[in-house]
Amino acid sequence: MATLGVNIDHVATIRQARRTVEPDPVAAALLAELGGADGITVHLREDRRHIQERDVRLLRQTVRTHLNLEMAATPEMVAIALDIRPDYVTLVPERREEVTTEGGLDVVSQQEPLTQVVQTLQGAGIPVSLFIDADPTQLAAAAKTTAQFIELHTGRYAEAKGEVAQQRELAILADGVQQAKALGLRVNAGHGLTYSNVGAIARLEGIEELNIGHTIISRAVLVGMVQAVRDMKALISP
């Protein structure tokens, strides 16, 4: 069964809405771990719309599970990662006008620069994951970068309307997991997963960790972070 990485970005979204000091993502991470989170994920965006560099530095000191830093493959972010040294980095595409990450990296068209970033980070002892769609050409390109992990983008599955469409997307993800494993890649997954749709993804053999954020933070507003994480853990690791 997959483990659970809790993305706490939207705790910071609430804080930044008022440009104040609360709620503190660092405190939220502690509560998530108390609830059973196996890891903490944050996305330090170039526009700093939610998570701030201060948050990542404090999380590096306080997280007791593992810290996954999502970031764009830019020189600024590489320098920050090399300085802070998260447990691993997930490279994601980023556009300033998007509300949230809209799809996977195009590794095929960015093979050379992504490979350089992967090798720089992994050469410094920081494992790298590439956030990609479950597309055979992208999977093959990801393997060529020497990244240790991929994170399969589950957004199309999450957004699929109707049972037939959802099962089709689930089959694509299942095939992607198997191809990735055959290429020697370790597999995580995430994006758009909720309490109502996570079960089928959690049952896919070969996925190591599910990274889930918005739905957990949404429930935490009502029942508290510890209980919200416990509820998700019960669904993915029954």
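A Cβ is built for glycine as well, from the same backbone N, Cα and C atoms used for every other residue.
His43 (active site, proton acceptor) falls within a strand when secondary structure is assigned with DSSP. Annotated active site, proton acceptor per Swiss-Prot: His43 (among others), in sequence order.
Non-local contacts of Glu70 (active site, proton acceptor) by the CB criterion (under 8 A, 6+ apart in sequence, same chain) comprise Asn7, Thr41, Val42, His43, Leu44, Val89, Thr90, Leu91, Val92, Phe131. Residues or ranges marked as active site, proton acceptor by Swiss-Prot: Glu70 (among others).
Taking the Cβ of His191 (active site, proton donor) as centre and 10 Å as the limit, one finds 26 other Cβ atoms among all the protein chains shown. Look at Swiss-Prot and you will find His191 tagged as active site, proton donor.
According to Swiss-Prot, the 3-amino-2-oxopropyl phosphate binding site annotation covers Asn7, Arg18, Gly192, Gly213, His214.
Secondary structure at Asp9 (1-deoxy-D-xylulose 5-phosphate binding site), as computed by DSSP, is helix. Swiss-Prot lists Asp9, His10, Arg45, His50, Thr100 with the feature 1-deoxy-D-xylulose 5-phosphate binding site, giving sequence analysis as the kind of evidence.
In sequence order, Thr90, Ser129, Leu130, Phe131, Ile132, Val187, Asn188, Ala189, Gly190, Asn211 are the residues of the chain that are 6 or more apart from Glu151 (site 'Transition state stabilizer') and have a CB within less than 8 Å of its CB. Summarising the annotation, Swiss-Prot assigns site 'Transition state stabilizer' to Glu151 and lists sequence analysis as the type of evidence.
You'll find the Cα of Gly213 (3-amino-2-oxopropyl phosphate binding site) roughly 13 Å from the Cα of His50 (1-deoxy-D-xylulose 5-phosphate binding site). Cα of Asp9 (1-deoxy-D-xylulose 5-phosphate binding site) to Cα of Gly192 (3-amino-2-oxopropyl phosphate binding site): a distance of 14 Å. Within 10 Å of the C-beta of Arg45 (1-deoxy-D-xylulose 5-phosphate binding site) there are 20 other C-beta atoms, taking all protein chains into account. By the criterion of other Cβ atoms within 10 Å of the residue's own Cβ, the least surrounded of the binding-site residues Arg18, His214 is Arg18. In the three-state DSSP scheme, Glu70 (active site, proton acceptor) is classed as strand. Glu151 (site 'Transition state stabilizer') falls within a strand segment according to DSSP.
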